[in-house]
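Participant: Got a structure for you, written out below as structure tokens; questions coming shortly.
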Amino acid sequence: NIVFDVENATPETYSSFLTSLREAVKDKKSTCHGMIMATTTTELPKYVLVDLKLGSEKDAKTFTLAIRRGNLYLEGYSDIYNEKCRYRIFEDSESDAQQTVCPGDLTLPGSQNKIPYKKSYQSMESKGGDRTKLGLGQITLESRMNKIYGKDATDQKQFQKNEAEFLLIAVQMITEASRFKYIENKVKDSFDDAIGYKPDPKAISLETSWDKISNAIAKVNTPGNSIVTLPKGLLDENKKPWTTATMDELKNDIMGLLTHVTCKIK
């Protein structure tokens, strides 16, 4: 498991954690214009496990997250409830997510185990609110972890809202920041702020365009610092259309990891 000590985290340890995560999910043989890419969705192991830790060994609270290596989807997580491993899985989670976060647990999902919605942003926001209003940073992540760890999941209103906020923050700080250096760097800039980094229009448009941007990069058949035509619908920080970028800009400032693409230029 890749461990991220949330309580004692700094911008530097956060960056190291994301580097470890990219290493764990990347295709060991392929690059595209000098950028690493995720492995295929068929390669085993299927998951990388991430432990988010709060507190010292004896009293440590640990959330274990199951992330698909091939697409970086968060499929579920576990904590400890009533002194036992409790898995929490989305309506559309992979069927093996349960045993991935709670090994050997063959119980049928009950009210303590079901996240009552799908893993899309739209579904999470229906319970947790608009993600542009939720700050991303050490303080916001730790506070949401404390609000749900070991708590009764049947407390529909409060638990559901807190859990959805935790998921929205964790997904963006972990999987999206692994995909996009742009998001990683913005989170680092506000890492210790009480409010954290509220995703700007550029970040939000990146989050829904990972495959499209990766494919636009892969389509460029000339090496060097080419101009890349970006997919339609991308916005910059000021909500203006963002239509082109140089390959160097994408490599150095925007992309942390591509989706798995077929690419002529390594």
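Just so you know, glycine gets a Cβ as well, placed from its N, Cα and C.
The feature disulfide bond is assigned by Swiss-Prot to CYS32-CYS263, CYS85-CYS102. Positions annotated as active site by Swiss-Prot: GLU176.
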Participant: Determine, using Cα-Cα distances only, which of these recorded positions is closest to CYS102 (disulfide bond): CYS32, GLU176, CYS263.
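Facilitator: Checking each of CYS32, GLU176, CYS263 against CYS102 (disulfide bond), the shortest Cα distance is to GLU176.
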Participant: Reduced to three states, what secondary structure does DSSP give CYS102 (disulfide bond)?
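Facilitator: In three-state terms, CYS102 (disulfide bond) counts as coil.
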Participant: Sort out the sequence-distant neighbours of CYS85 (disulfide bond) for me: same chain, 6+ apart, CB within less than 8 Å of its CB, listed by position.
Facilitator: SER78, ASP79, VAL101, CYS102, ASP105
Participant: Roughly how many angstrom lie between the C-alpha atoms of CYS263 (disulfide bond) and GLU176 (active site)?
Facilitator: 22
Participant: Near the Cβ of GLU176 (active site), how many other Cβ atoms are there if near means within 10 Å?
Facilitator: 23
Participant: Can you grab the distance from the residue listed as 'active site' over to CYS32 (disulfide bond)? Cα atoms, rounded to a whole Å.
Facilitator: 19
Participant: Where's the emptiest Cβ shell within 10 Å among the disulfide-bonded residues CYS32, CYS102, CYS263?
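Facilitator: Sparsest of the disulfide-bonded residues CYS32, CYS102, CYS263 by Cβ contacts within 10 Å: CYS263.
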Participant: For GLU176 (active site), just give me the three-state DSSP call.
Facilitator: helix
